[in-house]
Amino acid sequence: MTPKKKIFQNFQANDNEILSPTKKGIKLNVSKLNILNFENTIITKEKTNYEYKASLNKEIDEVLNNNNIINTHNNKKNNLNLYDYNNIKNSTHEFYIDLNEQNKQTIKYNDNKFTPINKKEKYNLDETSSSSISSSLTNISSSLTNISSSLTNISSSLSNSLDEKKKKKKIKKNNSTIINILNNNNNNSNIHHNNKHNIYNKYNISKKPQNKEIHTLPSNHQIKKKSNNTYNTCQQKMKKNISKKNTHSIKNNQNDKNKEKNKEKDKNIKKDRDKDIQTKRTSHQSQDQNNHFERRILRSYTRNNDNVKNNLKNNINNNNTLKRSSQSVRIDSDLSSAHQNKRIKYDEKNIIHRNNNNNNNNNNKTTSNNHNKNNKINNNNPSENYKKQTDTKHTNNTQNNKYNKTKTTNTFKHPSKDHTDVNTKTFKSRYINTYTMEEVQKSIKSNTIKLVQENSCEYQDGIIYESIQINDEEYSIGEDVLIFYTPNNNTYNAKSDDKKNQNNNNIKENIYLLKKGKISSFYKSTNSKVIEVEICFYYDESDEQRIRELEKKQTSRRCKEDFNIYLDDDTKYYNLLGNIHFTILDANYIYKKIYVYNEIETFEEDTHARKGKNKFLCTHFIKDKEDRLCFIPNEDHWDNLVLGSSDLYYYFANEKKLNKNKSLKLIIEKLKINDKINDTQANQKKNNKKEYMNKAQTTTNVKANTHTKTLNDHNKSKTTKNKESSSTSFLQDVKKKSDPHNNDFQSSLKEDQENYYINLLKNIKDPTDKAIRMMQLDVVPKYLPCREKEIKEVHGFLESGIKQSGSNQILYISGMPGTGKTATVYSVIQLLQIKSRKKLLPSFNVFEINGMNVVHPNAAYQVFYKQLFNKKPPNALNSFKIIDRLFNKSQKDNRDVSILIIDEIDYLITKTQKVLFTLFDWPTKINSKLILIAISNTMDLPDRLIPRCRSRLAFGRLVFSPYKGDEIEKIIKERLENCKEIIDHTAIQLCARKVANVSGDIRKALQICRKAFENKRGHKIVPRDITEATNQLFDSPLTNAINYLPWAFKIFLTCLIIELRIINEFVIPYKKVVNRYKILIETSGKYIGMCSDNELFKIMLDKLVKMGILLIRPYIPLENISKNKSKEALLGFNESSKKGNNQKITRAQVSPDIDKESGDMGIELNVETQLIITALMKDPDCSKKLNFY
């Protein structure tokens, strides 16, 4: 027979990535680390198909009212609809395997001795321990049933006797039995309390047949198993107790009425007995059903508040006789004493303190003589009294009694000595499966660990591994293991005083537990040889105290919303399902692999894994959350969460805290992945670097890495350092030249460009991937093709300015977007840096301000200040004063020349234009040593400036014209030199022509080619593919709307595009568009007569403006009309006269030359030009006109 396949529970369906909470930046795979999100977990609610028997309810109520022996006040404290720890343990099934496993036997650590215990019976999932509240209620109910049964025996004995003296003696005997029963009941609750920490020992205890001769009350396990047959067991035991106990006085409230009631009770009990036997054969109730049954008992008798409250007042004085002994401290006493002293924790250190307090309280009380004697016996001889209780327990609880016996005897025999020995035993009894340091060291002594280099990555000062091998067995991320763990590392231990912690520090260091957990990652630091494992622990029996603290906090809350206040940060942010917390341990302490399930069905179906060996069930919910507990607020970032590619860190927040806490944060230290490309480039840089110390006092040198910069990488203003970054080939060529003044920079740059492309594509094998990489915008070579003229002009301007120490040097560069303005400037700066490094030019510094990144134009002073002095800038005014003082020095100094590049200078224009005037005025100072380069995307910026600003731009202007079709074709061919075979020559021509007809933006051409390569991967690109890629990039609802416009509207837009190309301005005169439209209509031969209809022009213009395609602007062609007149005169404003002139003031008039030229109305495009051209190219007539012009 072949074993069945392993069935594992799929804890999470989504294969996403997260970051580790301990390393703060380590990306992990949630498909492997699947404990954080159990989407498929199905929580079955407790069944509520239980019926409460009316007869039992009535009998309990009558006994409560008649005898008044229950302190209902303490019971009401526990009568809360809250989850408790013992109930939680019902849903968490624990199995463990000890170190020494031979012949299916487990060794239990008890009093420093190993005792083998046979473990042959299979574990029953339905048999678990009950909650503390329900167990106390069952003890009360059992005592009540014993009392009722004893009363029936009393009545029967009274009716059969003939002699009155004999009656009195028997009554005394029975009364004494009642008192002894109550004392035994209290002692039994004490046994339950002392054994509470060892509640999991029942899995390792071998069951033996019960000894019927021993007379005790039923244990907690028997009450749960025989909850339907309690009267039968109690009545048999009471008959034996009556014959053994001494006589005692009885109260006078036993009347004839009670005799009749007892007879009726006997009849009802017999009927219930028969029913219970039948139900016991047919039904096997689970642990949750018993707990629910006991809760219903509690609710039933608390509903009879009238009788209970009345009897409570009368029973307060009588309850002193039934005070708990020194051994029977219950949970209620802890809750009641919390208001007077510190809350007593359920820890091993407080057992002595708790017993001593009870002794003192019992000695100070004064009651009747009989009760005083009992208290003295309990105080003086606690161990003997406790031995009597343990003797009456069943054999299957003997081992628990041994633990309790060691606790009590040690605490009273050595009250004055140090309690270290006591604490060691109590501590070991606190946790199950504890091991000493010697045992653990023996087991891990022979371990051999091997690292698996596959899928490893660098992190800070070490390396993270996905898997390791321990004794030739591989352990990887996401696997469940058993690991040795010291309790002193547990952050969830209860807080206590420093003195108490000092007593047990040495003890906890020598104790190890076997805990379940899921592996998150492995880490090895370069400074140490230890391999660390990050592990997330599951819920375990050692976390009992933590859960109890949560229960107490929950009971003290007023409403559910305030419950989060009482929780710590670990519970708030790591409210995970079925686990406790993350921690980092030594990987050598991993014991073995296990399998963990969160559903009973899958747990039972997996028959291949053995129970108690490597098979575990974990269904614990810390805060009873049914929904998903791991939240990522922004789902758009899931796609970017690949190992090493993202710098985002996510906190795990609760659903309530999600709106308040944004869980997205940036990580300062990013992961360093083993990238071969980056390594090769870094090695080249290290071989070529040579540092030169500059004389600069306030600035640093320039770092020129323009081959890795993109046209968009210069958005952030920053100071660059002057370091060597060119390749070795270029340096060798420079060294070979004998005369440095006759260097051919163009030829050297071309060779450097070829080497740059070769190094970039070295590790890429697929031709399509090579083409896609070359079409990306970040690939910017040092040599820019088709810009030789502009490079020479910028080079000559900057070289002369540096040699002249930057006196009165300002250059204004304008042009359409994507024409290479910024890239040209930085390529020239790189050439000048090479000369400066060869001592052909003086050293210089480069600073940059991007107008788009400045919040306000005045903030440009702060950006410039930070780069100049490398300090945090003050406010804008103080920054301006300090910089202005620097550039307005009257004496010369040893400062290097500074080059200031202002990109997107249009965004620095204000109403008064003070910022631009200041920036343009600084280079004109004698000792400023400042060179200014202003870059703008608008052609008419100088015309919009005030005269004092415009006059300072008269030193130099440079216009970058858009790329033409042949130039775009040349650039694409040079980039695709290494993969020519995957694209057709006609496809390149079509792409270049389309882009040149629109805007001449080279970035658009690169995007179209890359889109075509991505769509037709592995196939040769043809013109049809270029057309499809263009439509995908530029198609929009607007282009579809233009396609459905009438033919006259399309011709009008075509005329507008043609005039835009001719004039090269943003605002086109309306009359010129109309004249162009008349010419096209007349030459086309269509719709003759439409050209003279002025109403048609108004309709077309109004329609296009309403669609949002056009805007109407005022148009005043100042330069074309009169070059000799000033701006004020052309606008019709009379110039202000000087003082002393008696000229008359006239009205402001518009010059008549304006109307003669082109009128006062202009048209401006309100959408991207490419969208309109894409729509017009689909019309044959419009496409012919656009291609012609």
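Quick reminder: no glycine exception, Cβ is built from N, Cα and C everywhere.
What Swiss-Prot annotates here:
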{"type": "BINDING", "residues": "Val780, Gly815, Met816, Pro817, Gly818, Thr819, Gly820, Lys821, Thr822, Ala823, Glu904, Asn937, Arg1003", "note": "ATP binding site"}
{"type": "BINDING", "residues": "Asp903, Glu904", "note": "Mg(2+) binding site"}
{"type": "COMPBIAS", "residues": "239-248", "note": "compositional bias 'Basic residues'"}
{"type": "COMPBIAS", "residues": "254-279", "note": "compositional bias 'Basic and acidic residues'"}
{"type": "COMPBIAS", "residues": "385-394", "note": "compositional bias 'Basic and acidic residues'"}
{"type": "COMPBIAS", "residues": "710-724", "note": "compositional bias 'Basic and acidic residues'"}
{"type": "COMPBIAS", "residues": "733-742", "note": "compositional bias 'Basic and acidic residues'"}
{"type": "MOD_RES", "residues": "Thr2", "note": "phosphothreonine"}
{"type": "MOD_RES", "residues": "Ser20", "note": "phosphoserine"}
{"type": "REGION", "residues": "1-53", "note": "region 'Required for peripherial nuclear localization'"}
{"type": "REGION", "residues": "239-421", "note": "region 'Disordered'"}
{"type": "REGION", "residues": "679-749", "note": "region 'Disordered'"}
{"type": "REPEAT", "residues": "137-143", "note": "repeat 'Leucine heptad repeat 1'"}
{"type": "REPEAT", "residues": "144-150", "note": "repeat 'Leucine heptad repeat 2'"}
{"type": "REPEAT", "residues": "151-157", "note": "repeat 'Leucine heptad repeat 3'"}
{"type": "REPEAT", "residues": "158-164", "note": "repeat 'Leucine heptad repeat 4'"}
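Recorded residues Arg1003 (ATP binding site) and Asp903 (Mg(2+) binding site) have their alpha carbons 18 Å apart, per Cα-Cα distance. Following the DSSP three-state reduction, the secondary structure of Thr822 (ATP binding site) is helix. Here is what falls inside 10 Å of the CA of Asp903 (Mg(2+) binding site) among the binding-site residues Met816, Gly818, Gly820, Thr822: Thr822. Mapped onto three states, the DSSP output places Arg1003 (ATP binding site) in helix. Glu904 (ATP binding site) carries neither a helix nor a strand DSSP state and counts as coil.
Under DSSP, Met816 (ATP binding site) is assigned to coil, being neither helix nor strand in the three-state scheme.
A coil conformation is recorded for Val780 (ATP binding site) in the three-state DSSP classification, outside any helix or strand. For the repeat 'Leucine heptad repeat 3' (151-157), the mean pLDDT of the prediction comes to 54. Within 10 Å of the C-beta atom of Val780 (ATP binding site) sit 20 other C-beta atoms, taking all shown protein chains into account.
Among the residues Val780, Gly815, Met816, Pro817, Gly818, Thr819, Gly820, Lys821, Thr822, Ala823, Glu904, Asn937, Arg1003 said to bind ATP, no two Cα atoms are farther apart than 20 Å. Under 8 Å, Cβ to Cβ, and six or more positions away along its own chain, Glu904 (ATP binding site) finds Asn850, Gly851, Met852, Ile935, Ser936, Asn937. Packing around Thr822 (ATP binding site) is summarised by its Cβ count: 24 other Cβ atoms lie within 10 angstroms of its Cβ, all protein chains included.
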